[in-house]
Amino acid sequence: MSDYKSTLNLPETGFPMRGDLAKREPGMLARWTDDDLYGIIRAAKKGKKTFILHDGPPYANGSIHIGHSVNKILKDIIIKSKGLSGYDSPYVPGWDCHGLPIELKVEQEYGKPGEKFTAAEFRAKCREYAATQVDGQRKDFIRLGVLGDWSHPYLTMDFKTEANIIRALGKIIGNGHLHKGAKPVHWCVDCRSALAEAEVEYYDKTSPSIDVAFQAVDQDALKTKFGVSNVNGPISLVIWTTTPWTLPANRAISIAPDFDYALVQIDGQAVILAKDLVESVMQRIGVSDYTILGTVKGAELELLRFTHPFMDFDVPAILGDHVTLDAGTGAVHTAPGHGPDDYVIGQKYGLETANPVGPDGTYLPGTYPTLDGVNVFKANDIVIALLQEKGALLHVEKMQHSYPCCWRHKTPIIFRATPQWFVSMDQKGLRAQSLKEIKGVQWIPDWGQARIESMVANRPDWCISRQRTWGVPMSLFVHKDTEELHPRTLELMEEVAKRVEVDGIQAWWDLDAKEILGDEADQYVKVPDTLDVWFDSGSTHSSVVDVRPEFAGHAADMYLEGSDQHRGWFMSSLMISTAMKGKAPYRQVLTHGFTVDGQGRKMSKSIGNTVSPQDVMNKLGADILRLWVASTDYTGEMAVSDEILKRAADSYRRIRNTARFLLANLNGFDPAKDMVKPEEMVVLDRWAVGCAKAAQEDILKAYEAYDFHEVVQRLMRFCSVEMGSFYLDIIKDRQYTAKADSVARRSCQTALYHIAEALVRWMAPILSFTADEVWGYLPGEREKYVFTGEWYEGLFGLADSEAMNDAFWDELLKVRGEVNKVIEQARADKKVGGSLEAAVTLYAEPELAAKLTALGDELRFVLLTSGATVADYNDAPADAQQSEVLKGLKVALSKAEGEKCPRCWHYTQDVGKVAEHAEICGRCVSNVAGDGEKRKFA
C-alpha cells in the first residue's frame, strides 16, 4: 500500500500544546522588561485620546495577598482593553508609605522614637522599611503580568509628593475648610492616636448594659410639670448606657422634644421614661407593680436639672433629635467629650467638652478618687459599684453588640475629645458640594452611589491631624497665646513645601522657625501633628495626577478599588478634591467584592483557607489567576479555591487548544500572497469569519462595560460551540486533504487567519502571556507586541440577503446536532464505528429540504458522514428518527456503501477506479494528481 501521508496538509506548529505557564511566563516577563514593553506601548499610543485609571495606593507593608491580585489584575485588564480600543492609557502604580503600621514594624525592631534613635533617625528607618516593602510587592505585581511604569511608581513618601500633599492642605485652608476644635474622635489607646473612619472595624463585644437614675434637683418643679402632688419618694430621670466608664464625663441628659414622657410610680420612688418604653423598661428592671402618674412632652422638661449620681454637680435635660425609641429609656446619657452626637448637641447648649481620659486610656488625676489612673475598659465594674452604693443603679445586665475596634490592633477604641484639626463638612458647604459631585460620577455597580451618598450625608467633620512620628507634617504655625494660625499661613506652607521637595519631611522638623518667621518666631509655635495617611492617598489626584507628565493635565477617568474604599480612598479623595477644586477627582468609580473561599467564608490564616497568589503563579501560572479574576463576577464576593482554580485551568486549556488548532492549520500560509478575497471564499468560511465578527461585537461591548466575566463566557462559547463543535470539525477534511494551494484550502486558511487575528486580541487583556505567545507564531508581518495595536478590523460576515446567510447556517447547526444524536445511538448499538462509516437520509419538509439540497454533494462534509441524501418528509420509513428540535425533519442512518479511502477515510464507490492511484478515491486522486476538488459551500 502506498503511503499517502506526505500528500496530506497535516497541521504543524511550534506553539506548544501544554502551557507550562509557571515555567514560561518569567522568560516572557524578562523579554518585556528588556524591550521596555511599557515604553513601546506609550510611544505607540502617543497622541491618542487618553483614559486614565489612577491607581489607589496599596499600603507598603507585607506581601501581596489574593485581594491585591484581584485589584491589580482588574486594573490591568481595563488598561490593556482601553489600549486596544484606541486609547493612550498610561498606568502609574503607587504606594501608601507613611503611617502607623510602618511605625509599629520599626518600633518592634528599634524601639520607640527617642529610646534608641532620635525621631529623625526613626523616620529614616521608616523610609528604609517602606522602600523594601515596595520592592517586594512590586516584584509580585509585575509577576502577575501587570504592565505599568514600575520603574517610576509614585510613592507618598517621595519628596515631591510629600511637598504636594502639604500644598493640597494649603489649598484647603485657603478655601476656608480647616478648623481646630477639641472634638471627640476615634482614639486607639494602643496606638495612642486618633483614627480615621476607614481605620475602624466593627466586632462583637460584650458590655454591661445599665439603667441609671439621675435624681431631680427641684422635685416640686417636676410635680408641677406632670400635674401631680402625691409622689412616693424622689423623682429621677432614667438613662440607659452600655459605656458606664463614660459617666464621669456626663454633662447632660438628652430627651426628644416631641416624645411623650411618663412619670411612673414604682416602689419607693418615681421615674421618668419615654411613655412608649415604659412596659419594656419595667420588664427589664423586674418591676410588675407600677403606675403612670402623668405624661408631658419632652420639650416641657428642657433645662430642668438633675443630680449626677456620683460626681459633685448637676446636669440639665436638653433636647436632641438623635434620641430614639429603638432601645433604652428615651433619655440619653450625654458626654460631649466621648461621642460625636453628644458633642454636637453640647455645642448647641454650651456644655463643657470634658475629657477625663488620657492618651493611654486611663483616667486623668482628679477625675474621681477610685477611678484616677484606671484603664477605662477596667473601670466599668468600679462605676457600677459606685452607682449601686449611691442607690442610682436600677438594673445591670450583659449584652453583646457591635463595637468599634482599631483595624491594626483589633482592640476596642474609644471616643475621646482632644485638640485636633478638622476639615469641616459644613462651614463652607463641603458636604453639599460633595453630594452634588457624587451625582455626576458613574458608580459601578450602581449601588455604590447610594452607599457613598449616605456616608457623606452622615459623616462628621474629618479629623486630619495625627500625633505620630512618620507622616507628612501639617506644617502650620499657631500663635502662642491665641492659638490662631499665622496670617501668612499659605505663604509659609509653600516655603515649607519647597524645602520638603528637596529634603523630604525631615526638613520640617529640622526647620528653625526663625528661618522663615524672623522676629515673629518667638510669638509662634510649630504644630507637631502629622496628617492622617488618608489625606496622603486622598490628595494624590493633586499631588500625582495633576503633576505627572504622562497624564498631561487630564483628571482621572476611573478609580477602582475594593468595596471598603467607599469610606476610605473614594471618600478621602472626594473630600479633598471638592475642598480644593470644587469637583470630584474621578468620572467613574468601580468597586470589586472581597475574596472568599469555595464555601463563601472570609479568608483567614487561622482557618487555613487563604489562597496565596505566589503559590498559584508558581504552580499554575499568572494567566490562570488572571482568567479566574476575569471569569468571576467581581460585583459580589469572589470565591477562590484549588477546585475553582482547577476549573479556570480547564477553561484555559480549551482556549489554548483553539489557538493551537488555528496556528497549526496556518502552517505555510502567507497572508500577503495566499489570502482569498471574501467574495471568492467558501460560504462556510465566510460564515465562520462572521461568527468571529459577532463574537467581537459582544466582547468589545462587554470590555467597554467592564463585564469581564461576560467576555470570558463569550470567548468560551466561541471556542467551544461555534468553532470547536462545528466549524473546526468540518474543515479538517478540506484543510488536510485538499490540494495545498487550492482555493478550497486557502479559503479555509484565510478564515482561520482572520479568526486568529481577532482571537489573540480578545485574549490579550486577560490572558496576556498566552496572547503574547500566540502573537509570536501568527503568520504575516506585524508589530512585535499585540499590546501596541488595536482590535482587529479585518472581520466580515454574510449578508442577510444571501440565501446561505447566518440564519441558514444556524439551521444547519441544528440539523448537524440531530444527525449527531442518531450517529451516537448507532455507535452505541455497534452499527457504525465512527461518523464516516455512516450515510444518512434527511427526510425534510419542503422549505428545509430546499436548503439542504442547495448544498449538493457538500452536505456530507457539513454532517461529517460519507453519504448524505435529502428526501421528502412524507416518505420517511418507520425507523427514521423524528427530530425534537426541527419538526419537519426525520433522520435515517445506514452503513456507508463502498470502500474506505485510506487517505481521506471517507467510504465511497470510486476507490481504486483510477489505475495510477488504485487505493484512493476519485476526490483524493484529483487533490493529489489533478487540479484539486472545488468547494463552494463547505
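For all residues, glycine too, the Cβ spot is worked out from N, Cα and C.
Pulled from Swiss-Prot:
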MOTIF     58-68  motif ''HIGH' region'
MOD_RES   LYS183  N6-acetyllysine
BINDING   GLU561  L-isoleucyl-5'-AMP binding site
MOTIF     602-606  motif ''KMSKS' region'
BINDING   LYS605  ATP binding site
BINDING   CYS901, CYS904, CYS921, CYS924  Zn(2+) binding site
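All chains included, 21 other C-beta atoms sit within 10 angstroms of the C-beta of GLU561 (L-isoleucyl-5'-AMP binding site). Counting only same-chain residues at least 6 apart in sequence, those with a Cβ under 8 Å from the Cβ of LYS183 (N6-acetyllysine) are PRO340, TYR343, THR353, ALA417, GLN420, PHE422, PRO460, ASP461, CYS463. Looking at the motif ''HIGH' region' (58-68) alone, the prediction's average pLDDT is 93.
Shown for the motif ''HIGH' region' (58-68): DSSP residue counts in helix, strand and coil, namely 3 helix, 1 strand, 7 coil. What surrounds the Zn(2+) site, by Cβ distance within 8 Å of the Cβ centroid and not counting CYS901, CYS904, CYS921, CYS924, is the set THR737, PRO902, ARG903, TRP905, HIS906, THR908, VAL911, ILE920, GLY922, ARG923, VAL925 from the same chain. Nearest neighbour of GLU561 (L-isoleucyl-5'-AMP binding site) by Cα distance, taken over the binding-site residues LYS605, CYS901, CYS921, CYS924: LYS605. The 10 Å shell around the Cβ of CYS904 (Zn(2+) binding site) contains 22 further Cβ atoms across the protein chains shown. Here CYS924 (Zn(2+) binding site) is positioned 65 angstrom away from LYS605 (ATP binding site), judged by their C-alpha atoms.
Of all Cβ atoms in the protein chains displayed, 24 besides its own lie within 10 Å of the Cβ of CYS901 (Zn(2+) binding site). The Cβ of CYS921 (Zn(2+) binding site) has CYS901, ARG903, CYS904, HIS906, THR908, ASP910, VAL911 as same-chain neighbours under 8 Å, each 6 or more residues away in sequence. Counting residues per DSSP class in helix, strand and coil order gives 0 helix, 1 strand, 4 coil for the motif ''KMSKS' region' (602-606). CYS924 (Zn(2+) binding site) falls within a helix when secondary structure is assigned with DSSP. Counting only same-chain residues at least 6 apart in sequence, those with a Cβ under 8 Å from the Cβ of CYS924 (Zn(2+) binding site) are TYR4, THR737, CYS901, ARG903, CYS904, HIS917.
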